[in-house]
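Structure first, commentary second.
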4 protein chains.
Amino acid sequence: MHVDADDLTAFRRELHRHPEPAWCEFYTTARIVEALRARDVDELHVGPDALEESDEPRMSLPDQATRAEWKDRAVEAGADPDLLGRLDGGNTGAVAVIEQGEGPTVGLRVDIDALPITESDDEDHVPAAEGFRSENEGYMHACGHDAHATLGLGVLDAVRHSDFSGTLKVFFQPAEERVAGGGPMSRSGHLDDVDALYAVHIGLDHPTGEIVAGVGGFLAVSGFEAEFTGSSAHAGAHPEQGDNAIQAMADAISNMYAVPRHADGPTRVNAGVVEGGTASNIVAERARMECEVRGQTTDLMEYMWEKTGRVLDGAATTHDVEVERTLNSRAPSAESDEELASIVADVAEGVEGVDSIMDHDDLGGSEDATYLMNRVEQQGGRACYVGLGTDHPGGHHTSTFDVDEASLRIGVETLAGAIEALSETDA
Amino acid sequence: MHVDADDLTAFRRELHRHPEPAWCEFYTTARIVEALRARDVDELHVGPDALEESDEPRMSLPDQATRAEWKDRAVEAGADPDLLGRLDGGNTGAVAVIEQGEGPTVGLRVDIDALPITESDDEDHVPAAEGFRSENEGYMHACGHDAHATLGLGVLDAVRHSDFSGTLKVFFQPAEERVAGGGPMSRSGHLDDVDALYAVHIGLDHPTGEIVAGVGGFLAVSGFEAEFTGSSAHAGAHPEQGDNAIQAMADAISNMYAVPRHADGPTRVNAGVVEGGTASNIVAERARMECEVRGQTTDLMEYMWEKTGRVLDGAATTHDVEVERTLNSRAPSAESDEELASIVADVAEGVEGVDSIMDHDDLGGSEDATYLMNRVEQQGGRACYVGLGTDHPGGHHTSTFDVDEASLRIGVETLAGAIEALSETDA
Amino acid sequence: MHVDADDLTAFRRELHRHPEPAWCEFYTTARIVEALRARDVDELHVGPDALEESDEPRMSLPDQATRAEWKDRAVEAGADPDLLGRLDGGNTGAVAVIEQGEGPTVGLRVDIDALPITESDDEDHVPAAEGFRSENEGYMHACGHDAHATLGLGVLDAVRHSDFSGTLKVFFQPAEERVAGGGPMSRSGHLDDVDALYAVHIGLDHPTGEIVAGVGGFLAVSGFEAEFTGSSAHAGAHPEQGDNAIQAMADAISNMYAVPRHADGPTRVNAGVVEGGTASNIVAERARMECEVRGQTTDLMEYMWEKTGRVLDGAATTHDVEVERTLNSRAPSAESDEELASIVADVAEGVEGVDSIMDHDDLGGSEDATYLMNRVEQQGGRACYVGLGTDHPGGHHTSTFDVDEASLRIGVETLAGAIEALSETDA
Amino acid sequence: MHVDADDLTAFRRELHRHPEPAWCEFYTTARIVEALRARDVDELHVGPDALEESDEPRMSLPDQATRAEWKDRAVEAGADPDLLGRLDGGNTGAVAVIEQGEGPTVGLRVDIDALPITESDDEDHVPAAEGFRSENEGYMHACGHDAHATLGLGVLDAVRHSDFSGTLKVFFQPAEERVAGGGPMSRSGHLDDVDALYAVHIGLDHPTGEIVAGVGGFLAVSGFEAEFTGSSAHAGAHPEQGDNAIQAMADAISNMYAVPRHADGPTRVNAGVVEGGTASNIVAERARMECEVRGQTTDLMEYMWEKTGRVLDGAATTHDVEVERTLNSRAPSAESDEELASIVADVAEGVEGVDSIMDHDDLGGSEDATYLMNRVEQQGGRACYVGLGTDHPGGHHTSTFDVDEASLRIGVETLAGAIEALSETDA
């Protein structure tokens, strides 16, 4: 199999030096596109062409100034200004397609964004010691999406040079950390003819050499913000003239947690951030909170969404304030297809360096690969989420997270092998 | 002055033996009407003719079966069945009018209903010892309205035999204990030409010999019931199928107490009775509560009424249940006219047995004489509420309450004297 | 196999005529004991001897007057007064033991109490039509425990006449409907040497001819009452003097539903009944509610128990009232042993009239057979809950519930057959 | 009378250019002290000598870094570094004493701090147009305390040159805007022999030429912060592991507003600022709020303080978190002495430029002059708060607030006149 471990490492390190947050993956997208152009793929859909067109702003889209800043930074780092011009407004990411004769259309989804975490500069932290620590201070690839993008490119290479017969589409998805990019990419049209989709995540507390052939248990999630707007008043002189945004929010919080449990399965609710008001002696005109609801299934999440919506309306009515709810992130639930998973398990057994194969594991959290997985399944296809073990010194989303680059080759060989195997089966 | 203390005592004792609750004052009304007919008054408006006509049921009207029971009891006790036939459906009470030439139209308002309290049968309790304890077990004149009705009759007699020149109207008002009768009587039309209105209350912790020339500080009040109707469900098997009436009510209670204070003056709110649900393992379909709001002024009470209405609606929205609010009682606020009060004070000084005159006292509670007072004032007249001291062994609304019958004569002489004095002034 | 269907029917009908509520199964226990004495069993433990001794009153024990009434009724119905004398104070029920040589100790648990439901007198209702309708008006065997007790006796007879080698213990458990009798019987000592325990329930929406070989999914449950005691005050005159029991209870209700979900599995909470207060204008001195918490496991139920306890304490602190929580019912969770279940399934295949065998079903609710099941398992034994189908026209706990008596023979043959089979295996 | 209007204007403008927030009045104190030294007063108590010694940090004391910054700024502006060294740690302010023979000890209290408001640079705004706009950007004398300090100096001068016989103490109080300085100054000992105390406020919507001879209706107030500390957890993966600080705070807010009204008079409560939590998917470990309670009397404020304390404890218990309450500000209620007020009214009649004298006005808010007023009264003295009208274009606490400097002379003459008059009466 065609895999150059050094190339993988080099590409991953370059992305690692340029971490970018959701919807600002300007440099990252440009570097991926540059690499794909060098490979002469059959189709290349970039930015707006890789996503659903929408009149609404993307969920969790940073403001224009922030985006402009990141675009400038990408230009400075050497990205093509013409290309960047097409990516603004929530249009990062890319889809690459290679066609190799008759056979199934197979997809691979990888995500590409980074986190607002300051990377460790400890000498024990390999990126610091070896000179590829983040150059965007305050931001970091602390969840391995640099490795994911590298896997996408590596698998494409490996499949190109394999006996795979069919079509391969690699989805470089933006804005996963805000659970915001999966929806628009899933509705781009590019998923609609995919017969089998793999998605992959590195780490997740599995060591190098372990493959999880089928991750499931994704909780469906909606992250949202609720802003309450009332009227301020002097709390001593005229309490009755206020319409108290803080009191309304407090009421809503209590009632959100009290939404009834559901017999069909686990649900979740959280009000994780609150802020509001201006002074202790002023009835607050404004308050806002950042919340989320989850469910074992999409239906259960939607039950929580509907019920918490009622709670917000009820609190607004009670306290005579306005409330506006904004959806920040959303992902459905999903399970991995067992047949696709067993193909991965079979292939992994023959991959050098794999010493442990888990049949199944539950994520217990949420991610928006599920949008792409659901889309494929709704069109009659199948989808499977694969875990690629890697020794990682720090936990995900911490400043000392890092991946064992030896796992990159293992991941490419496993995924490319599974994709190749699919061309031989009735995918 | 024409006052026969023995007659007063005898009449009061007869009413005391026949206590009847709000809107069921059948025997009481019949006895008053009989006494008035014997006096050949100029006009006598009974039952429906003494109240506003209304398509709505009276507030706090007992059900038909209860009313029928009380009517039967009145017949048994010797009341005229023909008369009783006119009183059903919330039409008890009477207005008597005597016309004695040119002069002001003066009103006196007394109330006539009793309470659901079992009267003491202790030998220290005078009605028990002297044989005029309640014959309607479980009910009792525990607030002195038997004395009030007697004062109404006594004052009418005394004025008839005095030099008073003008018109006197005596209002025998039903359903004060439920704060329900004052509204309908105030809108009967009989108040509309009244130039000066006195209302009177016995006791209130003032001893025999004390007159309070001007009671004020009546809180406006609305008593109401709220009934929540949701959907039941098995709390273990399908909590999500329930729309929880108890949870909604609990939410509403918390928020009702949290209605903002008002800078214009005192407000009050209370949820005094709750009940709901059927079993610990069933999500409650139904819950109800009995509540009240008050305000120093009618505006302040209405502020609380509007705000608590919002709270009920908000709780219903939050918990997806229906809520219905029913007004049980209502009275506005009022203050006593200072000139009318000073006439009372002046007259009282000359009444035998009066040894203390208070200029003013605050009630601190609510009563619906205020409806009649407000009505008179809205038409350009004046109104004053008078306190008639009496030694009362037990507190109001307790099983050992009783009045010192010596105060009846004092009350008649004071009130009749003030009314007579009004014909000489420019009332 | 020794089964007399007519005897089963006659015994069931006699119990059906004499339904008795939890801890008042005086006649029922007496009739069971009489029947057991006629059979000359090896050991017979009655009332206090069948339960754990305790200084605490039994959970959900009715008051002395109620118990005395039921005892009188039992005497009138012909029960032995001497025996009844031993049963008072929460000591109903019995354990019968037969010893038939070497072999395992096998238990069968049946429950014996009835419900406070008025039985239908419709002519379509078989007990009414055939003259064995409840003679204790307002009470009814509406959950089939009359059939359960009959099964207990029938199985004992069948096993006595079979080739079973070992010891059989039949547990006639009181107070299941209040989830109160299982705990005391489980700690009686009689379970401690049981190698295999069967429990049985008739109906549960399975038709005659169906056997559920292994019921599971019992939610652990605690039913409780919370009583709040504050101080009353006049809500208009002195709101600050009240310590508001209703407000405290409302606060607690909101917070109980808001106890965090648990990742380990389903939890439940409900405040199903509330009542409190005396009048709309009085700050309530007293309020109480009937509640329950559940969990998929006993640990999860205890998590809810602890958290709701905190909520009650917090509400009491906030509103300066006292709160007292009383445990009314409790049962742990349980699952059925698969091997015992498969023995039932195997035997059932050969029983005449069985036409459907379900491997497993989830109860989704709670019952306190789980106490006995857990006790046996803690001592190293195994336990299995069996569902015995019966056509039942009305649902459980409704006035038209009835069992198809043809299922009694099926139940006896299946359970006795399984018990006999156990003596041949390594139970 | 010795009053130089130009000097008053010059001094006021200099203070206006150097606004400093509570406990950071370094330059202000230094300038006042410098002016007092030039006048050779009999006693001068500066910083710690003007306040109660305390081991506790002053309420609302800014952190060390902030204080250091303000001290540096004062040095730059020309203040004496040696003096400043004594003022740190919440020890700003001064008390000046002049002794002029036999007679009463009279006090005058003025406050000296400014607000965190950016001053208008509009050309209509006189300080901007005439070059004495704030030089401490972001801070402003937006409530007239620059004028107050000037009045203190002016009155001292005028009294020195008058026939006043007795002792005059002028209290230059720090940290009024945080309602924090009055307590420590009141307990300094310097008030304990004061027979009559005047306090003064400029503006308050009264025009130039109007004197309010007796302001009252100060609400007692306590401003506080409550910080909740629980445990964070992933809201999706392990909601049960969190102890939710935001949920606890929300619960407390709802219950604080629901503290019962009090029959003795108005009370207030407000949660004016909230913030907490880190992310929508994390159960919040920490949340805090800034609140206040008020009462018409100090007792009523303390009732609210005690009740809201219970609420915080209850919420902490319910949600298993810690809560810490910090008092930020406190002031008792007060009323003005009528005799001192009438002296002011009498004197004001003779002051040139006074064209309107109000007998009394209610503040409706809070301020901590009441601490000094109460202290004097507790020692048998009397106290009166005087309103000095001034045309002010913008409202208090707005960026366009300014005073009409013509009112400075009026204020000095009125207050010095009243003080002089006191030496002739039996103060």
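One-based numbering along the chain as shown.
Positions of Cβ are set from backbone N, Cα and C atoms, glycine also.
Keep in mind it's a predicted model, so treat the numbers as computed, not measured.
Copied over from TrEMBL:
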type	residues	note
BINDING	C:Cys143, C:His145, C:Glu177, C:His201	Mn(2+) 2 binding site
BINDING	C:His397	Mn(2+) 1 binding site
DOMAIN	C:260-386	domain 'Ig-like'
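Here the features listed in TrEMBL are placed on the structure.
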residue: C:Cys143; record: Mn(2+) 2 binding site; DSSP (3 states): coil
residue: C:Glu177; record: Mn(2+) 2 binding site; DSSP (3 states): coil
residue: C:His201; record: Mn(2+) 2 binding site; DSSP (3 states): strand
residue: C:His397; record: Mn(2+) 1 binding site; DSSP (3 states): coil
C-alpha spacing of C:Cys143 (Mn(2+) 2 binding site) relative to C:His397 (Mn(2+) 1 binding site), in angstrom: 6
Under 8 Å by Cβ from C:Glu177 (Mn(2+) 2 binding site), same chain, sequence gap 6 or more: C:Pro21, C:Ala22, C:Asp113, C:Ala114, C:Leu115, C:Cys143, C:His145
Neighbour tally for C:Cys143 (Mn(2+) 2 binding site), based on other Cβ positions within 10 Å of its Cβ: 28
By a simple count, how many Cβ atoms lie within 10 Å of the Cβ of C:His201 (Mn(2+) 2 binding site), its own Cβ left out? 25
Pick the one among the binding-site residues C:His145, C:His397 whose Cβ has the fewest other Cβ atoms within 10 Å in this structure. C:His397
With DSSP, how much of the domain 'Ig-like' (C:260-386) is helix, how much strand and how much coil, in residues? 44 helix, 44 strand, 39 coil
Near chain B, which of the binding-site residues C:Cys143, C:His145, C:His201 can you find when the cut-off is a Cβ distance under 8 Å? none
Within 8 Å of the Cβ centroid of C:Cys143, C:His145, C:Glu177, C:His201, the other same-chain residues by Cβ around the recorded Mn(2+) 2 site are C:Asp111, C:Asp113, C:Leu115, C:Gly144, C:His148, C:Glu176, C:Glu367, C:His396
Grab the pLDDT values for the domain 'Ig-like' (C:260-386) and give me their mean, rounded. 96
